[in-house]
Amino acid sequence: MKAMARTPLRVPKTPRQMQGQMHTEKKRDVSNKQQDPVNVFCRVRPLQSEGDLTCLRVKNSTTIAINPQDQLLQHHQKQQNGAQREVQYIFKHVFQPDATQQEVFAAVAQPLVENLVRGRNSLLFTYGVTGSGKTYTMTGNARHRGIMPRCLDLLFRTISDYQAKKFVFKPDRLNGFEILSEEDALLERQQEMNQRFAGAGRFAFRRKDSDPEIASQASVEPSPLTVLDEDNMYSVFITYVEMYNNSVYDLLEDSGVQKSLQCKIIREDANHQMFVHGVTEVEVKTVEDALEVFHMGQKRKRMGNTILNAESSRSHSVFNIRLVQAPTDCQGERVIQDKQTITVSQLSLVDLAGSERSSRTKNTGVRLREAGNINNSLMTLRTCLEYLRENQQLPPNVPPKKVPYRDSKITHMFKNYFDGEGQVSMIVCINPRIEDYDENMQVMKFAEMTQEVQIARATPMKPDLGLTPGRRKANKLFKIAVNNLNELGIPEAKQLEVDVGLVYSLGADFPHYQMDSPEAACKIQELMEYLEQRIDKRRKLRANMDVKCDNFRQMLMNLDRDNLQLRTELASMKAVYKQERERSAALENKVRIHESSIDVLNNTLSKRDRQIQELSEKLSEQEQLLTQKEQEKEKQKKKYNSKLAVESDKNKREFDMKLREQRAKMQERMRIKDEKLRLVSNILQSEDVPSLPRSQSSENLLNDKDRGGFTTRTESTAAPTTRTDLYCTPRHGLAAANNRHRRSRSAGDKWLEHRAANPVPLGTIMQPYLKNRKSVTKLTDMKELTGHGANKYCLVSQEADTDGDVETKLYKGNVIPTCGGGAQVVFDDVECLKQKSPVHSPTRKRPSNGNLSSSAFGGPLPTSTTGLTSMQDVASRCNLGIEGHSSKKSKM
């Protein structure tokens, strides 16, 4: 069943045949190409104030007359310069000062948009002195939209129902495009959406914060164009660049806030088209998106303030609108996955910077350099157009001049347009003030010369695949009809198929030709090519018919086999269906049982939640009570610590008082002993001995010896002292000994001994005895002093004395804890250990009388004994032992 009647269509071509046909047509167009002049329009800016004088007048819709002698200055200028007649210039159309933006767009830009949809390239640029209205004509303002937003609006209203999904066409960074599959395009859209939500997208359009000017510019409703091919898919891409100081910059480049724009280079692609390498191409789907992209680029465009114009463009800006289109498949639903079927057309809107004279603008520094580069680029444009005009006027046998396109970036970029790859139009903007007469004359001469340049008419090369015209619309109508039949309850509607495939036709009619014409040989060649194409088409159609017959036969066999298989499957599926219903009923019963169990569990869970809440409240109360107790405990601890500190201070004061009393008593005792010793010394050294019987003196001395001898002891607590004891020995010369042998008074304390890692062994008879001690070689942390519970500290120091003997000193002290948690050591004793031989060495100096020998704190060491020679009878029986003991108290 056919849904629609067939219409004659062309047979599809292979890519190789398409290329051959395009090459042949291109060769033919080179010899017989039609040419069109550059369309030059003129727009006169209204005077800013009524008092300004004008230097021109508009005679009609195509003519302007320039006369510098205004009515007010006519008499004065005639006297100085003589009479000057007016100069007339003719344009394709002249727009009066009161002309609207819509009138300018309809006459100048709307045909260029039609060329864009047809697949042709177009170039439109505005030219004039600074302040003449070029930017206003191209972009407009909030109330009066310019050419650029109106072109976008008309384009999107034309292709609104025929746009491809985003990322179906993707730029290949080499001025071309590639076609992505539906899956790849979906992944690209998803990635863009994720970046937009994350705020990292390069063009995350913000509707709420958009510029009010842009919002107002997207509100007109022009009528769509009727030149659209409904069987194609369309996508619009935007690029925005500027030429500043003869360098190209991408205004849409994704650079940070602090980074400056990178300079770009102009290259030539595989089709010999000039493009900016690495430029950012943004795909837009609505007018708002496109204007948002334009607004982002405008923020980076270089503007400046001069005397003649408050917002003067300091660079040439180029806004490119690229329309990418490709045919759909036989059903008209998807784009054909063939890169060679893509047609790319471009509309370039160029806002040239205005020419300036430094004598009028008074520019200096950067502004002067910018003005120089602007004037140089405009001069290069004028030179290129002059060379093109001269080359077109040369005879065929004269070689043309080389056009210096590369002298400026603006001419290098649009070289293809001037070589015949698109239509070129120019709007000359004029400021009619009499002060701009000289600049306007130069602009008029340039416009007059530009109109004489002929541009070859470009022919769009759209691929001819031989598919049915209107297939997309036919398929859409067919689907609507099938849906309507389904709603009416006709099940056979799903089995209907629409045939929008190939229609058997051998092509167009034979071309007209005459054998007697001068071009007979060329026409015969064209006829041979046409016949070869028809033969090839016939062969393809016959092969296509055979394939369709085989496919139809195979389809019938497959349907019969599938029918038998489906019947068998239907019987088995009925049995399975019955089992599944029984199983479903059993599962429903289980579900009801489980639902009741779930209800019970939910009730239990709610009870447990209430219990948990109650326990949590109790726990919080207990924690509060515990916190209060801890606070009270801390208060008591602080209180007891303060009391302990008070008691410690009290005990310390009492101890100091008792210590002073004890020291006073000891000093008194030492004074008495010193007095006794002095008396004994006087007795021994005196020559007048009391007249006592010898036997009585000896007996008294022996009695005194039996009672313990004459002992005199002197002690001092303020400084190291020397304790001296005098003993008498028997007549037969036995050695006297001190019976006061005692050990260290700290034997019951815990000691911390701080000594060297490798001490020298002591050779003394008496060794220091420290009970319950711990030895360390290094003391770096306070915990090592207080952590062992030691209350005594002993520092062992070994060094050589003046005689070369080893002298060992023991510095002893008490470890007292401090209020801050640390500890301090109060040194109260020093012990010095030495060892000397009783036999004097001949190499050493004999010690003098009264030398002190080394002693330990616990008792006397072996000493060197010297006799006192005061009296011979006493010296033979007595021996004087002197024990030296020094005590030193220091506090750290």
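Even glycines carry a Cβ here, placed using N, Cα and C.
Where the annotation comes from TrEMBL, it is an automatic prediction and has not been curated.
Annotated in TrEMBL:
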- 1-34: region 'Disordered' (REGION)
- 37-453: domain 'Kinesin motor' (DOMAIN)
- GLY128, VAL129, THR130, GLY131, SER132, GLY133, LYS134, THR135: ATP binding site (BINDING)
- 630-651: region 'Disordered' (REGION)
- 688-719: region 'Disordered' (REGION)
- 837-868: region 'Disordered' (REGION)
- 858-868: compositional bias 'Low complexity' (COMPBIAS)
Counts by DSSP class (helix H/G/I, strand E/B, coil) across the region 'Disordered' (630-651): 22 helix, 0 strand, 0 coil
Other CB atoms within 10 A, centred on THR130 (ATP binding site): 23
Predicted model, mean pLDDT over the domain 'Kinesin motor' (37-453): 83
Cβ neighbour count within 10 Å of LYS134 (ATP binding site): 25
Other CB atoms, at most 10 A from the CB of VAL129 (ATP binding site): 22
Sequence-distant neighbours of SER132 (ATP binding site) in its chain (C-beta under 8 A, six or more apart): ARG45, GLY354, CYS429, ILE430, ASN431, ASP436
Cβ atoms near THR135 (ATP binding site) (within 10 Å, other residues, all chains): 24
Among GLY128, GLY131, the most crowded of the binding-site residues [Cβ within 10 Å]: GLY128
Residues near GLY133 (ATP binding site) in space but at least six apart in sequence (CB under 8 A): ARG43, ARG45, CYS429, ASN431
